[in-house]
Amino acid sequence: MARIALPIATFLAAISTLGVAMAQPDPVSTRKEGLRRMQTNLEAIGAVANAGGDTRDTVPRAEEMVAFFRDLPAFFPPGSNGNGSRALPAVWSERAGFERAAANATTAAEALRAAAASGDAAATTAAVRAMGASCGACHRNHRSR
Ligand code: HEC
């Protein structure tokens with residue numbers, strides 16, 4: 001019995017170690033990947049709107065942006081400024097301003113979603129521009145060049 005129990009215990013310990021490693025991916029690479037994806041979404045929505053296409057097809061992308069920016073502050077846990085991060089200290093030292101910038105981006109993404117859902121290409125183009133301005137507003141004070 002003991003001969004069987006020991007390998008099982010070892011196996012379970014190995015799995016739980018793996019579980020911890022997988023549950024805690026590097027926050028810097030996670031958020032960078034997410035931010036690059038937001039850039040792709042914004043460009044894709046802008047391209048459809050500029051071409052006079054059916055912006056309703058881009059609603060899922062705008063939806064993803066709403067969810068991402070709502071969660072954005074959580075992608076910047078305290079101490080996650082290493083590993084090649086370009087986040088400025090203000091992300092943590094002036095947290096209220098950072099969270100406000102994230103909330104503004106969420107509002108802009110909600111407006112983008114509404115414009116895309118309306119099927120109005122001109123309104124969507126304007127909302128893409130406003131979204132881009134809110135990205136830039138946060139980068140100005142929170143991302144190094
Ligand atoms: C609330 C602040 C905030 C908002 C809003 C924001 N960003 Fe950023 N962004 C950052 C910070 C901080 C970094 C640097 C992250 C790092 O290097 O750890 C960054 C980095 C990036 C990067 C570089 C990722 C990489 O691979 O290094 C891209 C691309 C990007 N943002 C695109 C966008 C786009 C597009 C938007 C708007 C749709 C946006 N961001 C909105 C704060 C913001």
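Placement of Cβ uses the backbone N, Cα and C atoms for every residue, glycine included.
Automatic, uncurated: that is what TrEMBL annotation is.
Taken from TrEMBL, the feature heme c binding site covers C135, C138, H139. Sequence annotations record features per position, and here TrEMBL assigns signal peptide to 1-23.
Shown here: features listed in TrEMBL, placed on the structure.
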| residue | record | contacts (Cβ under 8 Å, 6+ apart) |
| --- | --- | --- |
| C135 | heme c binding site | M38, L42, A105 |
| C138 | heme c binding site | F98, A101, A102, N104, A105 |
| H139 | heme c binding site | none |
Next item on the list: Determine which residues of the same chain, besides C135, C138, H139, have their CB within 8 A of the center of the CB atoms at the recorded heme c site, and list them by sequence.
Entry: A101, A105, S134, G136, A137, R140, H142, R143
Notebook entry, point to check: When DSSP states are folded down to helix, strand and coil, where does H139 (heme c binding site) land?
Noted result: helix
